[in-house]
Structure formats: structure tokens, C-alpha cells
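Contents: one structure, followed by commentary.
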Amino acid sequence: MTAPMPVIIGVTLAVLLGLATFLTWFERRLLGLWQDRYGPNRVGPGGILQAVADGIKILFKQDWIPPFADRGVFVLAPAIGMMTVLLSFGVVPVTAFWSIAGNLNVGLLFVLAMMGMGVYGVVLAGWASNSKYALLGGMRAAAQMISYEVFMGLSVLGVVMQTGSFTMRDIVLAQSGLWFIVPQVLGCVVFTLAGVAETHRLPFDLPEGENELGAGFHTEYSGMKFGMFFLAEYAGVVLISALLVTLYLGGWQGPLLPPALWFGLKTGALVCLFILLRAALPRPRYDQLMALGWKILLPLSLLNIAATGAILLLHAPG
Amino acid sequence: MSDLPFILFSLVAACAALMVVTRAVPVHALLYLVVLLLSLAGVFQALGAPFAAMLEIIIYAGAVMVLFVFVVMMLNLGRTDRDRERHWMAPGIWIGPAILSCLLLAALCITLRAMPPTAAPDTLVSIGPQAVGIMLYGPYVLSVELASFLLLAGLVSAFHIGRNIRGTGAATGEA
Amino acid sequence: MFGILRTLWLTFLHMGHRRVTVGYPEHKPPLPPRYRGRIILSRDPDGMERCVACNLCAVACPVDCISLQKAEQDGRWYPDYFRINFSRCIFCGMCEEACPTYAIQLIPDFEMSEYLRPNLVYEKEDLLISGTGKYPDYSFFRVAGVKIPGKDKGEAEREAPPVDIHTLLP
């Protein structure tokens, strides 16, 4: 049943990067649909080859490093951003038999660690660009992502308490009866919001903030280095969706259909939800974002932990 | 050959530590410090403590170092600071402490060699998060409580510093 | 909180709405007749040029893209040349408003892309159309008191014959 590890890694990488590329088109089409217009619909059937066209274009663009930038860090930053997202996927169990390291006994912590490292990609990009807009974007990113990583970590603790394990596969298996979204609905909401903030997607894309910061931390980036940030963002969306599925929506479990398909369907639906968030909601002010985090999400997630602990203790055998 | 990962991680850590001290640009030094912390996490993992390794990454490499980078970014260090840093790198300044530290290292090696070898387990036992948790809230519960007191004190002082002194101006929401 | 959810739901419902944009080259968008597009010079119902080369359009033009020279034939004024540089034109319609003879008109056509910029300079041959444009019945020389071949003074519409200053009768 289990495929050899190189095959799993290769297929996962290929699917993930392909999906991220495809999402750049899919998101624009979906946004168009929800905003009463067409998206890109010219290249290929329904415009599906738009992603390929964009890829070719971005590869042939001049890859310009500003003379005032810090060269080494400037080149390193997008790679960090991409790498951390891809590494996080290592612990996501797609099915019971298909995952790179779904059995890792600190799987969930590994994801949080990689999210924490992902901050560097953005912050260093902002610093290395050596321009005001990029620096402002980087600073916003640092504060936003660190704050929301706190709530993300706290919100998943409810799941960990119910499962009694950090292993992703155990977490999925523990949901065979009831998906964790029912008992952990608070945690799920907090995790979703933190996930949006962590991938700095709209409506929480303050590090980019087009109308105030130009393009924020990647103002100075061009060519494939910009493309890397772009793809990392979409891969991040897929990652957060996959994590939500794994942690709260029962992972690969579901009736009738094969497990991998269930996982894909749930993840796809959540990706659409992320895009819907972007289509519908305006961007909050920066202090509103921070206030939402520290004044609402933090108490909520702490409450969630306390309530989960109390209920677990009440129902504890003996 | 189970020592190989440990040795590799330690080598990386040592090299990174050397680079941290010798960099003139603060952010570069911080980056090497992050690499150092990551390799330390690797050392923990190689020693069979994955939980500690992950916490090392999340807390030190992920949170504390980002704050360091944040502060350095705000300081707006320029060429003058870089030159001053280079000046501090002159051999006359660091050679004395370095020789003394080498002597200390040699003394440490000799002392460790003189100690009777403890019976190390042949196979590496990996300590999972569950075991760590049980230990923390079993024998070490007092230190956990003390640490939480410390954190509470930190929280209160942060609140005190960040409070709105004159009652004017909107709350910024910054923590 | 509820407002945000409602926003999400309403946006989701937009999936079933009709799209307000059209796929342009295949589906031409419906343009209203008073759309300000390409500029033309029209003729009066007799087939003569309406433009009397008064230069008001050139004066009114905020970007100075109109240039013309007056010529005269049998009492009728007409432009010797009439040149519009469409690479400067901003399609504001001021020339149309300034024109006393309804000669210059903006029509609902905007497809005038060129690869070479000099090609956007339109001469009189390019601008002049054979029809009357938006005002089919109007003819300036039929209402103006100017004497032209086939119409003497006082013969225009709603115009009294000129006063004969040599007669003493009241």
C-alpha cells in the first residue's frame, strides 16, 4: 500500500507546486465570478493556461536586484518563504498511507515551527530591499505573523488535548467518530483567522497593503523571485486549508469516496473559502488587526483551552 | 554511526557561532544566530529530544530572533555602525579573551576526561512530548509555577509600560 | 461579526448573477449614441461640407490637437486642411460643443489603435464623412444670412428680405 518515500516526496512536491501555479489562475477566475465579471479567460480553454503564460512571462523578465539592496539576504528571502511552506507539508497526512512524515511525534509543533521560520522570508525581504515601503511591510509582517502564531498555537492546543498527541495521523484517526470542528468550533474559527493572517492573505494582507505601501515587502522584487513569493503565498493557502482539514474536518475520512479524494475535496472547498474571504471583505486597519488578535482571539483561544480541559477532566475515566 | 547527525549539527552550530561573532552587519549576524539555533534544534533531535528541538525552533528561532531582527530593522544602522563594528574586529581587541577562552576549553576537556565515564545507554531513547509533559507537571511542577510567576510579572510590567498615561490619544492596540 | 458572515454569503450568491462585463472583441459593448469616440466632420443635407473653418474647435480644444486653415469659394468658407492628432485627443467633446455648424461630431467608435503614432494624425479626407451625422436636417447656409450661389441675401429660412435703403417708402 505504501509507496516508496522518494515517490511520495516527488509527487507531493509536484502536486503542490502545480496546484499553487494553477491557483493563481483559479483565484482570479473565482474572484471574477463573485464580482460579476470574467477572470482571465483567453489563454487555453477557459483561460486555464493563463498560469503557464504568466510563468513564462515571469521567467523571462529581467531579474533585477536593486543596487541599494543587501544582495545575499535579498536572494535568500524568497527561498526561505517558499521552503518553510513546502517543509510544513511534510507532516500533513493526505491519507493513512500517503504522507511524508505524518507519523512525526511532534508533527503539529513542526508546522508551528515552520510557520515561525516563514516570518523570516517576509521580514528579511523587507529589510534587504532597503526601501521604505518594503521596510514598513516587513515590520508589519513581523508583528502580525508573530502575534497570530501565538493564537494559532493556542487554538490547536484544544485538538491536541482531545487527541493526546501532536502526531498528525493520530489527530485524524481520533476524528473517526466526530470531526473536531464540532467540539472545537472556537478553536477552528481562531485557527482559520490566524491562518489567514499567517499567510498574509486578504483581508489581512497588511504587509503588502497595495494602496498604502505599494506592494509592501516585495516592492523591490521582480522576475521569478517575486514569483516565488507569489507561489509561496498560494502554497501557504493550500497548506492552511490542508491543516484545517487535518485538524478539524476529519482529514481523509469520509463515506463512499476514496480517502485521497475526500482530502482533496475538503481542501479545495476551504481554498475556495479563502478566496471568498478575499472577494468579500475589506482590509482592516493595522491597529484593528492587532486589537482583534490580542483582545478577542487570545481570550477566545484561552477560553477554548480552559473549557476543553475542564470537559476532558470531567469525562476522564477514574 | 548514530553519532553522525549529532556531529554534523554540532559542526554547523560551531561554524555558525563563529560567523555570528565575526559579521559586521547586525542582520547577517542575526541570521547566523538563527542558523545556530536551528542546528541546536538538530542537536536536540539527534539526542532524542524532539519536543525540545521543536520548542527551540518555535520560541528561540521563530519568535525571539524575529523580535531581534525587528529591533535591528528599526534602529536603521548605517555604514558608520558597520565601520565601527569592523574596527572592533581588530585582532588586538579579541586576541586576549580568545586565548583565555581556549585555555578554559582545554581545561574543561582535561577535567571531563578525568571524570569517570557514566554508563550511557547504548540505544538512543526518544523522549516524546507526552513524557516531557508528565515530567513537567510531576516532579518539576514547582519550577513550572515559578516560571509562570515570572511570566506574569513580565506581563504586568509590559502592561504598565504600555498603558495610556495621559488618557489622551486612541489606544494603539499594540501589545 | 454577523455583518461579516452576511457579506460573505451575499458575495457567494453573486455566483449566480449575470456578469456586468462583456468579453470585448467577440461581444461589442452597447454604446449610447452620444458616446464620445472618434471625431468626424459631417456634411449638410445637400452634401456640402458643414465646416466653415471658424477655428472655434481649435480654440476650445484643451490639448490643442486640432489644426485647420480657412479657404473661401463662392462666399462659402471651408477648411483648406483639417487635421486632428488623435494621439493627443482626449475625447472631451469640447470641439463638438464649440462648433456653431454641427460640423464636428464625436461618434460611438473607439477602435482606432495603430502601431505607428504618426498614423493617428487624421487628415480631412479621413475625417469627412458623406452623411449628416447626428443632425440630419440642419444646414448652416440655409439658415445663415450669407450669400452663396443659388441663395441670395434674405432668402434663408425665417429671414426677411433685406431692407432696401434706396427707397423712401415706409
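The backbone N, Cα and C atoms fix where each Cβ goes, and this holds for glycine too.
Nobody curates TrEMBL annotations by hand; they come from automatic prediction.
In TrEMBL this protein carries:
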- C:39-71: domain '4Fe-4S ferredoxin-type' (DOMAIN)
- C:Cys51, C:Cys54, C:Cys57, C:Cys99: [4Fe-4S] cluster 1 binding site (BINDING)
- C:Cys61, C:Cys89, C:Cys92, C:Cys95: [4Fe-4S] cluster 2 binding site (BINDING)
- C:80-109: domain '4Fe-4S ferredoxin-type' (DOMAIN)
Exercise for review: Would you count the other CB atoms within 10 A of the CB of C:Cys89 ([4Fe-4S] cluster 2 binding site), including those on all shown protein chains?
Suggested key: 19
Review point. In whole Å, how far is C:Cys54 ([4Fe-4S] cluster 1 binding site) from C:Cys95 ([4Fe-4S] cluster 2 binding site) when you measure between their Cα atoms?
Key: 12
Check your understanding: How long is the line from the C-alpha of C:Cys92 ([4Fe-4S] cluster 2 binding site) to the C-alpha of C:Cys57 ([4Fe-4S] cluster 1 binding site), rounded to the nearest angstrom?
Key -> 12
Practice item. Pop the Cα-Cα gap between C:Cys99 ([4Fe-4S] cluster 1 binding site) and C:Cys89 ([4Fe-4S] cluster 2 binding site) into the table, whole Å please. Key: 16
Revision key, fill the gap. Counting only residues outside C:Cys61, C:Cys89, C:Cys92, C:Cys95 in the same chain, those with C-beta within 8 angstroms of the [4Fe-4S] cluster 2 site's C-beta centroid are C:Ile39, C:Cys57, C:Ala60, C:Pro62, C:Val63, C:Cys65, C:Ile66, C:Ile90, C:Phe91, C:Gly93, C:Met94
Exercise for review: Would you mind reading off the Cα separation of C:Cys61 ([4Fe-4S] cluster 2 binding site) from C:Cys51 ([4Fe-4S] cluster 1 binding site), to the nearest angstrom?
Suggested key: 16
Study note, to complete from the structure: If you count the other CB atoms within 10 A of the CB of C:Cys51 ([4Fe-4S] cluster 1 binding site), including all protein chains displayed, you should get 25
**Study point:** Fewest other C-beta atoms within 10 angstroms, as judged across C:Cys54, C:Cys61, C:Cys95, C:Cys99, which are the binding-site residues
**Key:** C:Cys54
Exercise for review: Would you pick out, from the binding-site residues C:Cys57, C:Cys92, the residue whose Cβ has the largest number of other Cβ atoms within 10 Å?
Suggested key: C:Cys57
Point to revise | [4Fe-4S] cluster 1 site shell beyond C:Cys51, C:Cys54, C:Cys57, C:Cys99, criterion: Cβ within 8 Å of Cβ centroid | key: C:Val52, C:Ala53, C:Asn55, C:Leu56, C:Cys95, C:Ala98, C:Pro100, C:Thr101, C:Ala103, C:Ile104
